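Residues or ranges marked as region 'Disordered' in Swiss-Prot: 51-75. Residues or ranges marked as compositional bias 'Acidic residues' by Swiss-Prot: 60-69. Look at Swiss-Prot and you will find 162-201 tagged as repeat 'WD 1'. Annotated repeat 'WD 2' per Swiss-Prot: 266-305, in sequence order. The repeat 'WD 3' feature in Swiss-Prot is assigned to 309-349. According to Swiss-Prot, the repeat 'WD 4' annotation covers 357-396. For 435-479, the entry in Swiss-Prot reads repeat 'WD 5'. The feature repeat 'WD 6' is assigned by Swiss-Prot to 482-521.
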């Protein structure tokens, strides 16, 4: 068996050059007293390593030279410059403009709604921000509000809660007065903001806790109706569960399952995403059976099913416009599709358009609510912005399909392979943003709210960060570090410069702006930038200085206490 293993797998031309000795070691031990199981394990490891290795078709079959041979020599100073340059690119993000005309129109529209981002050193902007932060005080000009908020992006964190389980979903509800968080322990928790007159008015305290009726592995998505009286969730069950929110009787909530297939009790299907329409009369969801379902909430029944809407799991759906006539969907086939409900009455359930350009599955899709632009977040580690007027042609769709089918890695436990940044032929996206990590779970990205002029795109990250991209510059405006595990979802407050995030470390965090942090927090081109978002920046952790009587101060001074004035003068 050892000879068969050797002849089948041990082709040294397939190994990476920088690790030849690792596999040559096997030739030294293959004739020793090793068990067949050891041989099989070694061969399997070689095959797995080959799958993750990029193809070097032009390499010589007998070239075992070091990678350093043939490379230009660099001085230590040049190496340091290269490291700093690559570090700057990694932190500031990368942007590729695919459609200059649409990108210019988008940026002009943003500039007309909020203007250029002012400097935080402007005293007038600080005064406006102070007035804006006062409860009961409002600035009537939306453009001024957007300028103020955009000049004071969140930069410090405040922990809301920590649970001993993974948190999957989080969002603001009831105009930002409450936060809802869904976790793997089959619970949905609500956090209420303290009253405006409270000393800690920016703090959120847990007010309610609901246990779901049925759950498979975890709650995968939650949705709250616009008026806040209905809640829906999806999990590994063949149903969407809907309940009426009544916080006065929160322990007696009744969940009504709406079956997907008319066969209750089956649980091999997953509902990855759930969304209410603006009128709260309908719910749309995407499933692991490649299908999209639309439900009537009042009648609690399924009114439309699009079978094989995608060629793989439907990871995300959303209503595109205020009338809830258009639906965006995204799946593991790497495509984003647009559906028009108005055409369904004629029996036409085909998409009205398709966007192609990703090299791997799409994890989330979001509408800019302007009936023109949308975004998609993908396992190819990019966010793409699309123009609704410019769909992809069939050649672009086929190119995307070929790229997705050529992927042989699993984002749930493997690192992203090289080559994902190469553009796809027929990509019609407006711009492509890169600078965050999409691993382990369906990480979500969204446009910032209307109060910011929808200038930013923010997303969770597998590195435990909240990454905020500026559409105007195409770079990272904020990289909020504070979690120790993947951030699956985050949400921007509808009217204030505040972001909430929940992660697999069980921590729910609210990010706000603090003027004291601007001394150490700056854009990534600042020469003194190091790290920010640390919890030490929060004044809630500062220890208060206790008052001491005069006799105690004299005693400490005579004993040479390290905090006494005499001790300080001696040092």
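The backbone N, Cα and C atoms fix where each Cβ goes, and this holds for glycine too.
Residue counts for the repeat 'WD 2' (266-305) under DSSP, helix first, then strand, then coil, are 0 helix, 22 strand, 18 coil.
Among residues of the same chain six or more beyond the repeat 'WD 5' (435-479), those with a C-beta under 8 A of the stretch's C-beta atoms are 90-95, 97, 106-107, 110-111, 113-114, 116-117, 142-143, 145-146, 149-150, 153-155, 168, 272, 315-316, 363-364, 366-370, 375, 377-381, 383, 385, 411-413, 415-416, 485-497, 499, 501, 503-505, 511, 523-524, 533. Non-local neighbours of the repeat 'WD 2' (266-305) in the same chain are 216, 220-227, 229-230, 232-240, 242, 256, 258-260, 311-319, 322-324, 327, 329, 331, 339, 341, 344, 349, 442; each lies 6+ residues outside the stretch with a CB under 8 Å from one of its CB atoms. Under 8 Å from some Cβ of the repeat 'WD 3' (309-349) lie the Cβ atoms of residues 270, 272-273, 275, 277-279, 282, 284-288, 290-292, 294, 355-356, 358-367, 369, 371, 374, 376, 378, 386, 388, 391, 397, 400-401, 403-404, 442, 444, all in the same chain and six or more residues away from its ends. With a cut-off of 8 Å between Cβ atoms, the residues of this chain six or more beyond the repeat 'WD 1' (162-201) that come close are 135-136, 207-212, 215, 217-222, 224, 228, 231, 233, 247, 441, 485, 488-496, 498, 500-508, 510.
DSSP places the residues of the repeat 'WD 3' (309-349) in helix, strand and coil in these numbers: 6 helix, 17 strand, 18 coil.
When pLDDT is averaged over the repeat 'WD 4' (357-396), the result is 96.
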